[in-house]
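Reading through the structure tokens given below for one structure.
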Amino acid sequence: MAGNGNESTGGDFSFSAAAARDALPRITTEKGGKSPGPADVCQDDIAPRVNFQTIDELHSLQKKRSAPTTPLRDGSASGVSGTSGPTTPVSSETMLQSVSASLASLTRETGPKLIRGDPTSAAKVAHVPVTPTSLPAADVSDSGLKFTHILHNLSPAELYEQAIKFEKGSFVTSTGALATLSGAKTGRSPKDKRVVKDDTTEAELWWGKGSPNIEMDEKTFLVNRERAVDYLNSLDKVFVNDQYLNWDPENKIKVRIVSARAYHSLFMHNMCIRPTPEELENFGTPDFTIYNAGKFPCNRFTHYMTSSTSVDINLGRREMVILGTQYAGEMKKGLFGVMHYLMPKRKILSLHSGCNMGKDGDVALFFGLSGTGKTTLSTDHNRYLIGDDEHCWSEAGVSNIEGGCYAKCIDLARDKEPDIWNAIKFGTVLENVVFDEHTREVDYTDKSVTENTRAAYPIEYIPNSKIPCVGPHPKNVILLACDAFGVLPPISKLNLAQTMYHFISGYTALVAGTEEGVKEPRATFSACFGAAFIMLHPTKYAAMLAEKMQAQGATGWLVNTGWSGGSYGTGSRIKLAYTRKIIDAIHSGSLLNASYRKTDIFGLEIPNEVEGVPSEILEPINAWPDKMAYEDTLLKLAGLFKSNFETFTSHKIGDDGKLTEEILAAGPNF
């Protein structure tokens, strides 16, 4: 996109003369708009089970004991004044009827009686008109005779009150964020995720080896749906969020989330796109509905169930059911999977990537698995943030799917990631962090509850975020790999076939925990850098990406944010400052005109120099003191790449076989 802003992409923008943070001009927008094998699916946020036996033990991990900073009188803790319940605005009968239909029992074919507002509030509120008076039918349960209170699209302040008052383990931190606990599950449960397999999805979806899609039948889904709906209807109150996915106004999706916890409601308030009052008034019937009954287990003896946890997606009914896990990330990633199904039907590519834009309108995509630096590198003081995790690439350009960011917090430091640090304030959800019991200051280094601590905040909490979160077509596609083997160059320029090869491979390397006594790095491959969430075969997404990169003249890059001078344990991690210099050189275009030389085995083109980066690390073998060890390690990694890619060799990519042949030839060459 040209820097004069003449090109429109879902909401015009221009650059004002007033300087923003770090001399970056502000955007002015118009209102609108066990160790897994190589064939297994890589999961970004799986966490081991929390080491506790009771709920009280879990809560005891959350708060660190310390001497109080202010003496307490009479040896008692200072009290907190009570807060009033949430306000109850005038009810929309249409909204209540719509929610009642969402919560209808499939057996009784009637929705619950709904009241808008907090059941603890004394205020009189309107309710859904009851159907004509008749004698109770034989299949009416006690829950069908009561009213269920609906807390619809509450504000963050109201959700804070609900969480602190009714959800044990909810606290306000020293910076104003809401600290919560997700219970026994502190990460996603991919082995408990199910997708309904019917005549349509059997033909369309990716099934079998390497696929994240584990089948279930329609009947079992309906059993779990009924269990979830009955549980939600048995509660005195439920939280309902009506929100959107995708900032592209022509392709946004209406989603409804029905949940039992204020924590879940606030999480989705932050992560989805928040509607205006006018949009909410005319919201109507959602395109997709989530029933989050995570506090209630599924029946593990039900067909296709393997535990008390089940996360079920029915693409035909456009519904998702969550039972037996309170980890909020299941909702976020469940919807991402749905977008991976819906968007390609509209010829729109859904991407697990970060995205930012320079002041001249140049857009970059960042692909990478957990720990590669995707969020860190896409959040750049000198560029506008379009999004940190989920995007769409359409004929109009790129758009963020979400309305918020979900950042890892482990070892978070103000000096290393100031934007994320400063975003943790009022309205932000902090999951499973440990804090001082008196000062409420969070210790981001403490892993007592889990290593997978997270912060969920609205994207506008990032100072340089671009609202609306849309941009022109990308100029650069950056593939990030944290190579713990230490043999990949810090920066490589890729041709189209190489870009597709590494995109389909989705490589990074993990280091086993010290408790296992293993220090060798482990290669991990996740197709399209997000195999845990994709619905179609990876080659379908690769074909779409190749087509769009060709049409827009985008350049592919492979950036190693891992080790240099040796593998993990002998080498050293490439400094973040060097990686930022490399990324800056990509953005500026200087690397396009650099001189390159080609590496052995992988055939990667590496620049002879990058300003601000030591030349000795650009060629990996030069940084290794033991050259023979380097050659052996390089061959080992190349073999792992080839073994992983065997799954895809029989699939055609694109309209003809030429691209497929080029991609196969772009892999390691022994």
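Numbers run from 1 along the shown chain.
Note that Cβ sites are derived from N, Cα and C of the backbone, with glycine treated the same way.
Quick look at what Swiss-Prot annotates:
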type	residues	note
BINDING	Arg188, Tyr327, Lys333, Arg454	substrate binding site
BINDING	His269, Asn270, Gly403	Ca(2+) binding site
BINDING	Lys333, His352, 368-376, Glu417, Arg454, 573-574, Thr579	ATP binding site
BINDING	Lys333, His352, Asp389	Mn(2+) binding site
COMPBIAS	75-94	compositional bias 'Low complexity'
MOD_RES	Ser66	phosphoserine
MOD_RES	Thr70	phosphothreonine
REGION	24-95	region 'Disordered'
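The structure, with features from Swiss-Prot marked on it.
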residue	record	contacts (Cβ under 8 Å, 6+ apart)
His269	Ca(2+) binding site	Asn153, Leu154, Pro156, Leu159, Asn241, Gln243
Asn270	Ca(2+) binding site	Gly403, Gly404, Gly427, Thr428, Val429, Ala456, Tyr457, Pro458
Tyr327	substrate binding site	Ser182, Gly183, Lys185, Thr186, Gly187, Arg188, Ser189, Gly294
Lys333	substrate binding site	Arg188, Ala532, Phe533
Thr376	ATP binding site	Lys416, Glu417, Leu576
Asp389	Mn(2+) binding site	His352, Ser353, Gly354, Lys374, Thr375, Glu402, Cys405, Tyr406
Ile574	ATP binding site	Pro490, Asn560, Thr561, Gly562, Trp563, Ser564, Ile617
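Residue density at Lys374 (ATP binding site): 24 other Cβ atoms are found within 10 A of its Cβ, drawing on all protein chains shown. In sequence order, Gln243, Leu266, Phe267, Met268, Met271, Cys272, Ile273, Arg274, Gly404, Ala456, Pro458 are the same-chain residues whose CB sits within 8 A of the CB centroid of His269, Asn270, Gly403, the residues recorded for Ca(2+) being left out. When the binding-site residues Gly368, Ser370, Thr372 are ranked by how far their Cα is from the Cα of Arg454 (substrate binding site), Ser370 comes first. For the binding-site residues Ser370, Thr372, the greatest number of Cβ atoms within 10 Å around a candidate Cβ is found at Thr372. Secondary structure from DSSP puts Ser370 (ATP binding site) in coil. The DSSP secondary structure for His269 (Ca(2+) binding site) is helix.
DSSP gives Asp389 (Mn(2+) binding site) a coil state; it is part of no helix or strand. Sequence-distant neighbours of Gly368 (ATP binding site) (same chain, six or more apart, CB under 8 Å from its CB) are Ser353, Gly354, Lys374, Leu479, Leu480, Ala481, Cys482, Thr508, Phe529, Thr561, listed in sequence order. The substrate-binding residues named in the record, Arg188, Tyr327, Lys333, Arg454, extend over a maximum Cα to Cα distance of 14 Å.
Around the Cβ of Arg454 (substrate binding site), 24 further Cβ atoms fall within 10 Å across all displayed protein chains. Over all protein chains present, the Cβ of Gly403 (Ca(2+) binding site) has 24 other Cβ atoms lying within 10 Å.
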